[in-house]
Amino acid sequence: MHELIESRWSARGYDPGASISVHDLETIVDAGRWAPTWGRLQPVRFVVGKRGDDTFDTLVGTLTRGNAGWAPRSAALILVCTSDRPDDPKEHTYAAVDLGLAVAQMSLQAVAVGFNAHPMAGFDAAAAVRAFDIPSDQRPLVLLAIGVPADPATLPDEIRERDEQPRSRLPLSEVAFAGQWGTPAFGERD
Ligand SMILES: Cc1cc2nc3c(=O)[nH]c(=O)nc-3n(C[C@H](O)[C@H](O)[C@H](O)COP(=O)(O)O)c2cc1C
């Protein structure tokens, strides 16, 4: 795998002293803008907060309890929204796919410019809609934290222990098939 993909992970123990330049932050959002979209509809929108500004503080205020313990230490928070058209099931489905692709591209661009990216569903979307006056045909789905992992020795035990947990995936043989559903396409791989 490409090293950008191999080195991506969702950290929690960010360094509260690390900041991100506007330039690096812009490249991350731009990577999301350039993600493919169904029918070229480009339904994805971004609300960008950099630590120290009002947008960041407002986004911190929407975090649910589990994320409020670590995400305020990030250098930036990006609220990722997509079109909300339940009346059009096809657009509705693919708008969410488009958002996922944008988040994936942003996460890899974050790694490329020396940061870690951590996607979150744990935030109050309704509060974000109110705070930013998000139009009714848009829905916020993901809040993406961008940060720099801190020296583990400086982290609270709970955050350090969660970050140190081994990462794993289902074996490739259980998720990739050929010929027939359930028949592995490849040999064993972790
Ligand atoms: C849509 C989505 C929502 C997520 N929401 C949260 C969240 O609210 N809080 C959190 O700590 N992690 C959240 N995660 C991160 C996952 O827990 C993480 O990606 C998963 O454990 C795999 O770890 P890895 O990213 O290090 O490979 C979310 C991930 C995705 C894709």
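Cβ coordinates are placed from backbone N, Cα and C, and glycine is handled just like the others.
Note: TrEMBL annotation is automatic and uncurated.
The annotation domain 'Nitroreductase' is assigned in TrEMBL to 5-49 (among others). With a cut-off of 8 Å between Cβ atoms, the residues of this chain six or more beyond the domain 'Nitroreductase' (5-49) that come close are 55-59, 70-83, 90-91, 94-95, 97-99, 101-111, 113-119, 128, 132, 134, 138, 140, 145-152, 154-155, 159-160, 162-163, 167.
Marked as domain 'Nitroreductase' by TrEMBL: 64-147 (among others). Residues belonging to the domain 'Nitroreductase' (64-147) score a mean pLDDT of 97 in the model.
Per TrEMBL, region 'Disordered' is recorded for 154-173.
Here TrEMBL flags 157-167 as compositional bias 'Basic and acidic residues'.
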